[in-house]
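Pulled from TrEMBL:
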type	residues	note
DOMAIN	1-93	domain 'Major facilitator superfamily (MFS) profile'
TRANSMEM	36-58	transmembrane segment
TRANSMEM	70-90	transmembrane segment
Amino acid sequence: MMLSGFCVNGPYALITTAVSADLGTHESLQGNSKALATVTAIIDGMGSLGAALGPLLTGYISQHGGFDNVFTMLYLSALTAALLILKLAAPPT
């Protein structure tokens, strides 16, 4: 259970921190701490929304399609997250 929590919360914490730090260095936010706090809150709120919807989808999918479909949903979620963060993680050209 502890290993599972580490594997889930570790990347979540790193991703939200990386995205917040990246947006915090954007020239449009320079000197505006309220805007930076708002951006950070939106990013954290989206993570919390995902944490709330994940178990809801898991319950629905497991009842209507079985646990094989739950793992497919998890694979697709991980793939989607990787594709969305690829541009941020890629070295600049």
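Cβ coordinates come from backbone N, Cα and C, glycine included.
Those TrEMBL annotations? Automatic predictions, nothing curated.
Outside the transmembrane segment (36-58), and at least 6 residues removed from its termini, the chain residues within Cβ reach (under 8 Å) are 12, 16, 19-20, 23-24, 29, 70, 73, 77. The domain 'Major facilitator superfamily (MFS) profile' (1-93) scores a mean pLDDT of 80 in the predicted structure. The domain 'Major facilitator superfamily (MFS) profile' (1-93): residue composition by secondary structure is 82 helix, 0 strand, 11 coil, according to DSSP.
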